[in-house]
Amino acid sequence: MSGGYLWGQFYARVLIVALYLLFGVSIHEEYRRQIMKFNKQKSPQAEKEFGGTLGATCIPVFLPLTVLYLLCVCRSPVASVLQWPPVLPPTAQLWDPLAPVLILGWMALQSFFYLLPMGKVSEGMVLKDGSRLKYPINGFHALCITAVLLTLSLWLGMPLGYLFELLLPLAVCAIGVSFLLSLYLYISSFWAPHHALAQGGNTGNPLYDFFMGRELNPRIGSFDLKYFCELRPGLIGWVVINFGMLMKEVELRDSASLAMILVNGFQLLYVADALWNEEAVLTTMDIVHDGFGFMLVFGDLAWVPFTYSLQAAFLVVHPQSLSPLGATAIVTLNGAGYYIFRKSNSQKNQFRRDPTHPSVSKLETIATATGKRLLVSGWWGLVRHPNYLGDLLMALAWSLPCGFNHLLPYFYVVYFTVLLIHREARDERHCRAKYGLAWDSYCRRVPYRIFPYIY
């Protein structure tokens, strides 16, 4: 499908949204018909998550403020998250005309890479109407091309360290893009067929549905917006921001510290692994179950790149020294976490693709009423979510190079622990509803959720 066709589709849908926003009265009847049709189709049994309407109202206010607050604290000499009154920047520091150019240019660049005919094309899970969407598996290619462009930028003398000065304006623009894209997705979803809607975001409450996302796989032509945002602009942007922080430290101190190199290396490995195994995301809850609304849009475009890079930004202002023994211990911890994370995910994905493969064919399983089988041995017989255990070990390893004098670098560990425990609870509800008695049997066989003998 040509790029011109895709952009034509995009402009058509944007035009519909713009006409509604600017001339709502003139298209009121069409919109009213869509709302009436939606009210007949909505699912009254959809369980509300994240605190329901109250959470869906408060989270889009407080999470963007949290991102800006953490960046401000990170840049302050004290770097205390408990400082009162909190560190507030002058309004002028929140805006730079270069920031929107960089954000929109970055989105356009990654969109171009997404559309390039490189890598294979895979099919997603079966949808409600029996169809399967096709997805380009070329995220790792996009990362490699981005790395080449960064290298070329360095050779040309571009000041990549200036990203440190632009962190706040870039975050403000990313938050703005998140709200605008979420609004577009919410309004355009009323023209989507009923089978394309996500059950969790199809409740009839505008605030809640805006937050959760009404449409499961919103597309412009063949361009899948959720799949694109899930792994491209935010994850690769996180690595680019980290590299900018490293270059800023080189500007200030003539060389990068061991702590900065470890943080950059660990997180680059994590992102490269996610993109190398990009196909696995097609079976995750984000793609299969959750609608694409503010929750995922903001997380992908603003939260991930600007809070996951806090350790690198912290080290620019608060350099740390590491002993060879300490660095070795941290590398070992990250290596252990990565090994658990990768091996457990690979085992699960291989079992889903081909249960007869020699590497998984001898694993013990439990039959379910759906025809699928649950693993009760191997990594998935140790705890119910061994991949989460590996994730948390790596999260701790990313924070340890920042020392123990400040709580801020450990925000990620605390947040990620809360996130994964909450996600595990969502998984638990979903699997119990899906597998019934078989899931109860699995829980008796594998009593620990994430931490062996603890939780």
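Glycine is treated like the rest: Cβ placed from N, Cα and C.
Here is what TrEMBL says about this protein:
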TRANSMEM  6-29  transmembrane segment
TRANSMEM  50-78  transmembrane segment
TRANSMEM  98-116  transmembrane segment
TRANSMEM  137-156  transmembrane segment
TRANSMEM  162-187  transmembrane segment
TRANSMEM  255-272  transmembrane segment
TRANSMEM  292-310  transmembrane segment
TRANSMEM  322-341  transmembrane segment
TRANSMEM  395-421  transmembrane segment
Among 50-78, 98-116, 137-156, 255-272, which stretch has the highest count of C-beta pairs below 8 Å with the transmembrane segment (162-187)? 98-116
Leading contact stretch, 50-78, 292-310, 322-341 vs the transmembrane segment (255-272) - CB distance under 8 Å: 322-341
The transmembrane segment (292-310) touching the transmembrane segment (50-78) per 3+ Cβ pairs under 8 Å rule: yes
Non-local residues, at least 6 beyond the ends, that sit with Cβ under 8 Å of the transmembrane segment (292-310): 50, 59-60, 63-64, 66-67, 70-71, 74, 167, 170-171, 174-175, 177-179, 181-182, 185-186, 198, 201, 209-218, 225-226, 229-230, 233-235, 237-238, 241-242, 245, 267, 286, 408-409, 411-412, 415
